[in-house]
Amino acid sequence: MAGTFPILSSLSNFIAQDYDFLVVGGGTAGLVVASRLSEVANLTVGVLEAGATHFGDPLVLTPALYPQMIGDAKYDWKHKTVPQVHSANISIEWSRGKGLGGSSMINYQIYNRGQRADYDAWTQLGLAGWDFDSLLPYFEKAEASEDPKDSAVQPNIPLKTHYNPKFHGCHGNVQTSFPTYRLPVEQTWLESASIVGGNKGKPEEAWSGDHLGTFYGLSTTTRTPGPFQATRSYATTGYLLPVAERGNLHVLTEALVTRLVVTTSGAVTGVEFQHSGASHTVNAKKEVILSAGAVKSPQILELSGIGDPSVLVTAGVKCIVPNFHVGKNLQDHPTTGISYELIDGVESLDKLQFPEKLQAALTEYTTTRNGPLSSGGCTQLFVSYASHSSQSEIDSIVNLTHSFKCPTGHPEAKARLIAMSLADPTDPSIQIVFLPTTLNIQHFNDQKQLLTLPPDMAGKQGLTFASSVMRPFSVGTVHIVSKDAMEDPAIDPGYLSHPADIRLLAKGLELTEKIARTAPFSNVVKRRVFPFPEVDLEDEGVMLEYVKQHVTTEYHPVGTVGMGRRGEGACDERLRVFGTEGLRVVDASVFPLHVGGNIQATVYAVAEKGAKMILEDWGYGS
């Protein structure tokens, strides 16, 4: 393989030299950083990735096959949270991509940006240059959008796609497109969702910083005719393979980083890693860039002696650089859901349980690059809490955000920013995603079982709707429990530790049920599958209890090495870890506050901006 792709290095070649920059983690952000830094021909860049390459893997490339990778240790870190004391004391599986491309390799391929106010809030926390207008050029730089007006590329797009090319990049690295295949029932649901949501005709442009409303989403899928048509576009295909001949970029896979080499003064000079059962060290002449994600980045920092001294001493690690914010500020989009059976004759992707339908889909995909396997699900609704709540409900939840003090919750400045959004009728507090199959919601804590058709749906077809809180009040932690890099850290997202999140999820379910009772979608719903029909979701107490028993991840962990002013964050606005020299973090862990939408687009933008900052600080570019 190393001979086929010159950037792939053997162990002996990789450790034979020092690098100007070492990137830890060849995932969504890491490959962006490595690709951009190595554009400077006289800079050497090394990348260490714990997983495999997965080049050309059909499970990775075929858009609708992503569920097959979830829970498979070949592709998935298979993390698990500690028991969630506010959610039935269950441990929840957390899937994170393992291999080149990271989670962009296994995700649902939904391409959303957050709301303008999300990024503007970052600057209100004292982080200059991270507002929406400042980030928009980096969103555009990463994106290669395929204009839906080109009917040769997009033969079956809906009449209105909420798309304006002025908000999109067309020459970037990651392809975005509208699905060319979609189920008729998607349009049926969108019509009812628009009625209930009260935002008919909205959003005008879902990637402009305002996505309140219903829309068919973009996905990171290549649609242009050619050998890669209808395949996943992700960090590997966008940022790594196009520079496979670059002589100053070296990538070593199946290399687990165990710690950073840190001097007593806090200077980071290299990386220790395990490969083929042995330990090795490689040196960085300028910087180490940690891009291992919201779980692994804080873990590696703590294993290296950078973090809260009380956490480190408990794990048996000597503290070299006290940094009390490492591993804190963990935020994820908490998610719950409802599933429905459809009437006879209305199809979902559950039809693929029938051998003849599956074979037809395989044939269609291989011959025409279209059909059910050519697309992931991207249909969604964003709604505000304020527009669907009484004034007394709004006052109650806002007062709750002020009065309830969560031990691991947001500091006052952050909590105040989120609380203000709940009373804003233009702010999309809740996301409802149309999932074109019947998930086994009874097993929300087990990702493999969750993605398996419920037994009572054999021979039938249905849909699932996932409702998520976009800016959660509940905050958690990721901390090491030992000095063994092979042992997972303790992941505690603190789901529902703040009662406001329970109410927000309940509001999402309430709206989901209203949509199911509203024509035209109500005309195709046969029954509610789960929660069982006898569960009275109109009873507030029953609804709240259902939420507590059935919450999971939307796969969007952020914030564990969050940006902030000194004393308020783990790294500064230029992503430099406080107390260290020659160390930055560039990935989702630097988000100070969560954003209202799926995170991959923001991760790409943060990585593009981070790479430019690094080059600027070393005198390459302005």
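Placement of Cβ uses the backbone N, Cα and C atoms for every residue, glycine included.
All TrEMBL annotations are machine predictions without curation.
Feature list (source: TrEMBL):
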DOMAIN    97-120  domain 'Glucose-methanol-choline oxidoreductase N-terminal'
BINDING   V257  FAD binding site
DOMAIN    293-307  domain 'Glucose-methanol-choline oxidoreductase N-terminal'
Mean pLDDT for the domain 'Glucose-methanol-choline oxidoreductase N-terminal' (293-307), rounded to an integer?
99
Its residues classified by DSSP, the domain 'Glucose-methanol-choline oxidoreductase N-terminal' (97-120) shows 9 helix, 3 strand, 12 coil
Simplified DSSP label at V257 (FAD binding site) comes out strand
Tell me the Cβ neighbour count for V257 (FAD binding site), meaning other Cβ atoms within 10 Å of its Cβ, over all protein chains shown.
25
